[in-house]
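Asks: Sending over a structure as structure tokens; questions will come in a sec.
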């Protein structure tokens, strides 16, 4: 029983890790960023590349991945997303295009593979990352074997959630973000530099996805399409939790993680995912605004 | 005289707060009634209750003999009650004429509307209304191109095409210039007698131009009812509404 | 009738004549390819009807496409030689025998749990009927719930997206019944009134081309009706339509279901031309790709979305002769898509109609003298 709960917690923390960035970009900016999964992918590749080319360790890759993906996010916001505010479905489609572009950029090694040049670490193949020995293996907790790396992910997720909460609710930038969330025009009228804050928010959300990518690279193989399914999961978490609600995202990630974990232990992974999708549809139908929602604009 | 719209003790509470609290009103056939009240008096909520947007927790609404309490919006509309919104809503991507044509479909069922074009009678009606709201020249332009005032008239026109028994007009002159306001008053006055009308309005100049009978709402209840002169001299109303309005100014 | 509308109808006529004449120029291989692309064109029509006209962005159109495809494929599978060589009197899909428990009966009724579901598909007409009925029924149930609850915009997109992924997983998980990831292959040939529709033959091409022409004309007629006008009104402002006395969900449901029916029909035709059905039809990418085609062609134009789908696929097939070019093409599609959303929100059809208008205005300007007269003519053109 304890083991199942722990697996659920671990699945939930991975969901939350991906969803955290989305909760911010979607919640605060009303942007459905379909390229969010590709930010995770880029974070994972940053870890791979940093290991190969810079001989950086796994842990040192975390800040690097954050910076890299935040910069890519910033560029996407500046070039594309900025022109599409208020056109929710259009941003969804445009960022889908960006997602494909990013995948292909990695797969084709930025086009160099055409000229017979190859960059180690990129390309269509699978990549792996070595995790420091301290994070592998299992320890005994309450009479059960607990995977250390899963514990590590839960810890990182908790830390990032706390950091995000702190930024959103205890800093000047956070209060501006929340003002934009409720009413962007009014916020602008009150002197909030909406463009700048939006760009920062988007960059931060993307950076979080980058860190999620580092975490993923530690226990999954890394490949160009790895982000596609994650963005879907991330959105389901955000929508179920209630758009713009950090608490909602935490709660729904926990819920969906537990459901996924327990169904998977009873049947198989495929059915578990199916059950999660079913549950999500049910929740959206019953409460379209999500479990935790406020009346925003 | 027959009552066109009878509101009997209607009320609704939002999280314990009674936005409308047992309001009763009778609108005679062909009457033009103005609803006054300060912000938060419950005017728009009352409109919502009558038109089906909000479900009433108490009371009844009758359209002539027919009870329409808590029916779906489209059922109430089909029963003969048309509503104009405070923020004008029209179909921006359709032409002005198409806007009116949509309203002119008599039969609301989807299969009944699987046919092309409109009958001669319908087209004549649309032309008449186009003339009435003075949008004949722009009939083939998308409604998105209209000015704010014209948009308000178009929405009014959509209601008129439907020939409803009772019209609810929520601030029909909001955001209008003086000339536009005057013209709106003309349109509304031309409807008097054929339709029973309730107008919610803040603009006292406009109210003076059109009003016969006035009902004043305050804190979700009916505060006073009477003709313009009696309302303007009513002490309660002065305190509750005009006093508040003076405070605004 | 306005000139604009006449030009519009002319485009439909040209397109239909073109797809009927195209086989004269092509060899067998390209005829088969074009057959598939015309099916994609039909999907473009379905997406445009749902998204452009009804304002419902269905990210799960692949569900209806896949449902149609699987229904017909099940029938065709039982007609296949591979189902006949198993020593049983009645056909049994080969994969069921491969996956069968040792000692299990080899009859279709009871080879595994649920294999009896295949029994009625021994009749090809049952498969054809279900190919329409299943997507339509699914759309009715889904639409009834979603539209009655007044769920709109992105939430509809997310529900449809989650649903198609859900069905895809169930399909894969039910491996003994559906052959899982591998899908249904080695299908028999669709035979109607003794005529065999060979995937590479002209018969199949014309079956699809005529179907597309009819669907296109039918969909266009549908949006020209009063109901179509009301639907567009709903897209612009639901609430206003509701307060004019229309039962909005019924209209949305009707067009959503028609769109699903078209997608299901397209799925069946695809099986005839491609000779397989697979869970990839229900991939997220597949459904979004359909939306991409429609967006590039022009979401608010049935013909535009149709041509967009066909064009993109023709170009893709031409450039992607080698694997690496195919990957590069995907990147180009991604880029094109971003650019279309940013700079051509009305797609190629919007661009064409803008160019048409400009040419018309210029012709009018040449006919009249002085710029003021030209403006007047341009204005009078708008009058009926």
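Glycine is treated like the rest: Cβ placed from N, Cα and C.
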Asks: Per TrEMBL, which of C:76-103, C:244-271 is transmembrane segment?
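Replies: Comparing C:76-103, C:244-271 with TrEMBL, transmembrane segment matches C:244-271.
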Asks: Which is it, of C:328-345, C:346-363, C:364-381, that TrEMBL names as transmembrane segment?
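Replies: Going through C:328-345, C:346-363, C:364-381 one by one, TrEMBL flags C:328-345 as transmembrane segment.
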Asks: Given C:182-202, C:203-223, which one carries TrEMBL's transmembrane segment label?
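Replies: It is C:203-223 that TrEMBL annotates as transmembrane segment.
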Asks: Please figure out which one of C:9-31, C:37-56, C:154-172, C:291-316, C:328-345 racks up the most CB pairs under 8 Å against the transmembrane segment (C:125-147).
Replies: C:154-172
Asks: Do any residues, 6 or more residues outside the transmembrane segment (C:154-172), come within under 8 Å Cβ-to-Cβ of it, and if so which ones?
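Replies: Distant contacts of the transmembrane segment (C:154-172): 56-63, 66, 70, 142, 146, 178, 180-181, 279, 282-284, 287.
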